[in-house]
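For reference, the structure is listed below as structure tokens.
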Amino acid sequence: MNKQIYRKSLVYIAFVGPMLILFLLFIFLPFIRSIIYSFQDWNGINSHTHWVGWKNYRNVLTDTDFARTISFTLKYVLATVIGLNVLGLILAVALNVGLKSRNLLRTAFFLPTVMGTVIIGFIWNFIITRLFPQIGELTGIGILHSSWLALPKYAFWAIIIVTVWHTLGYYMIIYLAGLQGLSHELMEAAEIDGAGRIKRFWSIVLPLIRPSITICLFLSIINGFKSFDINYSLTMGGPYGTTESISYQIFQDAFSKDLFSYASAKAVIFFLILTLFSVVQVAILKRKEVEA
Amino acid sequence: MRTSRYGAGKLALELLLVIFASLTLYPIFLILINSVKTYPEVMKSLVSMPNEPTLENFSKVWVLMNYPRAFLNSLLVTVSSVIGVLLASSAAAYRLVRSPGKISRFIFYFVLSSLVIPFQIIMVPALKVAKDFHLVNTLHGLVFMYWGFWFLALCSCITAL
């Protein structure tokens with residue numbers, strides 16, 4: 001009996017071990033080290049470090065730059081989450097009704113997702129600074145004449161547009177998978193009962209694709225908070241740091257300003273915010289899932 | 001289901017989506033046409049079709065950035081990362097699902113919760129770990145790191161399924 005338990009745990013370790021070791025090595029251990037750094041005054045290069053207690057955290061809380069990136073990131077998350085999920089769901093529903101070119105269309109909408117974010121930032125930078133004015137001249141639409149990446153208000157929307165363009169296909173696919181898992185019998189039964197198109201969508205389709213909604217909301221919120229690549233390659237955080245996401249500012253502090261432990265303190269606070277958001281969100285959405 | 005009927009409504013929807021899809025693809029189309037233009041031509045107009053298409057850019061890039069080598073590197077890293085991640089993640093996910101219990105659940109949530117760790121926070125310490133194991137500036141080092149970074153995503157997906 002004892003031998004059996006021993007064998008069983010050996011198998012368990014053999015299966016789970018490799019994953020766990022690499023995970024501990026490259027994610028968990030570095031993360032713990034970062035937390036330790038946040039209580040020190042290391043600049044990333046120096047070999048001498050001192051414990052400074054909560055000093056980094058106190059400085060972060062009074063840092064107006066940090067407050068500004070948090071407000072930018074929250075607005076960005078709100079805008080992209082709404083844009084991605086509403087448009088993604090609409091696209092998925094539209095591509096699920098049996099159009100002739102649906103496979104081609106699905107591919108077309110998914111294509112931007114497979115491109116690297118850094119490349120996308122550079123291309124859109126080109127499009128926004130060079131093509132938008134050209135279109136503006138042709139069509140006389142005044143809004144396209146402004147230099148979008150130089151004005152804070154426009155730069156914000158430029159980032160939103162590029163993000164939605166880039167990742168929409170991904171969320172569309174998840175919603176599409178959810179829609180295709182719906183059973184025809186339920187829809188037919190509702191139709192016979194006299195439920196209209198809109199009624200059917202609200203009372204049957206939406207509750208049943210709740211798992212997809214949970215996943216999409218979770219991913220879009222997390223990815224929104226962690227956004228870095230597009231801010232880096234499209235606007236470099238500018239104009240005047242107004243499009244600096246939290247990740248981007250942490251990166252800047254750590255590698256351009258050599259404030260490594262200060263950046264670590266920011267990252268730990270960021271991690272706590274993110275954890276709070278995900279836990280609350282998953283708890284709320286999980287509760288409302290139903291099964292057919 | 002009455003999805004088989006193809007009426008005017010569906011035609012309109014289809015046309016609308018085709019227009020929308022064309023807009024989506026337009027930036028990618030721009031990359032393609034601008035890649036065969038000369039530099040002055042690109043500067044003159046971004047949207048014009050190339051006057052005399054040239055492959056000069058391609059040959060220049062091929063040599064300048066040592067494209068074959070770069071591509072081979074990417075290919076090696078991708079293939080070995082995917083193989084490693086697939087093997088180890090599915091093995092771990094399989095055991096975690098098949099032997100439910102406190103330990104499995106703890107490991108699952110432990111790994112899953114790291115999804116919210118921003119990459120920037122672990123970047124430098126991860127580099128230090130890599131240095132300790134002499135993995136810096138080597139291809140296999142990069143592959144090992146990718147294994148570590150991607151296990152959690154895949155493992156959690158498989159377990160959730």
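Cβ atoms are placed via backbone N, Cα and C, with glycine included.
As written in TrEMBL, here are the features:
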{"type": "TRANSMEM", "residues": "A:12-32", "note": "transmembrane segment"}
{"type": "DOMAIN", "residues": "A:70-281", "note": "domain 'ABC transmembrane type-1'"}
{"type": "TRANSMEM", "residues": "A:76-97", "note": "transmembrane segment"}
{"type": "TRANSMEM", "residues": "A:109-128", "note": "transmembrane segment"}
{"type": "TRANSMEM", "residues": "A:154-179", "note": "transmembrane segment"}
{"type": "TRANSMEM", "residues": "A:200-222", "note": "transmembrane segment"}
{"type": "TRANSMEM", "residues": "A:267-285", "note": "transmembrane segment"}
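Here the transmembrane segment (A:76-97) lies next to the transmembrane segment (A:200-222) in space: the count of CB pairs under 8 Å, restricted to residues six or more apart, reaches at least 3.
Outside the transmembrane segment (A:267-285) by six or more residues, the chain places 34-35, 38, 57, 60, 70, 210, 213-214, 217-218, 221-222, 225-226, 246-247, 250 with a CB less than 8 A from a CB of the stretch.
For the transmembrane segment (A:200-222), the list of distant contacts is 77, 80-81, 84-85, 88, 93, 167, 171, 174-175, 177-179, 181-182, 186-187, 190-191, 274, 277-278, 281-282, 285-286, 288-290, 292: same-chain residues at least six beyond its ends, Cβ to Cβ under 8 Å.
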